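Chemist: Found this in TrEMBL, in case it helps:
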- 1-48: region 'Disordered' (REGION)
- 28-43: compositional bias 'Low complexity' (COMPBIAS)
- 56-75: region 'Disordered' (REGION)
- His123: active site, proton donor/acceptor (ACT_SITE)
- His211: active site, proton donor/acceptor (ACT_SITE)
Amino acid sequence: MRAALVGYSSSEEEEEEEGGRQQGGGARASPRASPRASTARPRLPVPECVLDMFREQEEEERGAEDSSKHGGRVRSFPHERGNWATYVYMPYKVQEEFLELLDLLVSHARTYVSSLTAMEEFHISLSQSVVLRYHWINPFVQSLKERLASFDRFFCVANQMKVYTNQNKTRTFIGLEVSAGHFQLLELVSEVDKVMEEFDLPTFYKDPSFHISLAWCVGDLTGSLEGQCLQELQDIVDRFEDSALILRVQWEQIR
């Protein structure tokens, strides 16, 4: 029996916003009311703890644009209140053996680029990073569910070392490229792209190289990581015990 891809979810818990407007309609003040009743009262001072809340929020928004607080990473689009950056992906739940392989690869790559930082979570992307308005989130997720509900779970193999950069060339990555399962991933992306078009958002790259990112560094350092370094990393993958097993991944969830 075939098992469907299940577990669609958003990456963050969605918060319900509550509020309301008070409308007019109360009784009119009596013209015989005492003049003292209409005298403006002095405003109470805003508690310092409340002011601190707004100061902290302003600091957080300024910090969101400060690359020094994010390992030197540069945002691809500006932070704006009410916007939610998101992307569609399939998470990879790693095994202990995978982490051992990761440690070998990153340690060796650091002999060429010392600033490499190992990823903490692993996935294959099915979309670019896009910006959603808050009120788009639920219909966006619902549309994805409807388009992807009929897909079955499947395996793919990610065992080819490759070097990548982001579009702005501000970060470089080493990753494991998919060598089997490419067709199924293209079918998923085709449906995700249709959802993006519904919301007038950018679709995925043409001729994508599906991969699991392993480590990253600031700047375009492809020249240092490609060539001999890349070949040595591939040799580590090929010689690693049980690499054929741990790099054969069953995808069960879309987020």
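Even glycines carry a Cβ here, placed using N, Cα and C.
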Chemist: In angstrom units, rounded to an integer, how far apart are the Cα atoms of His211 (active site, proton donor/acceptor) and His123 (active site, proton donor/acceptor)?
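Modeler: Rounded to the nearest whole number, the Cα-Cα distance is 8 Å.
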Chemist: Tell me, how many other CB atoms lie within 10 A of the CB of His123 (active site, proton donor/acceptor), whichever protein chain they belong to?
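Modeler: The answer is 19.
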Chemist: Please work out the number of neighbouring Cβ atoms within 10 Å of the Cβ of His211 (active site, proton donor/acceptor), leaving out its own Cβ.
Modeler: 20
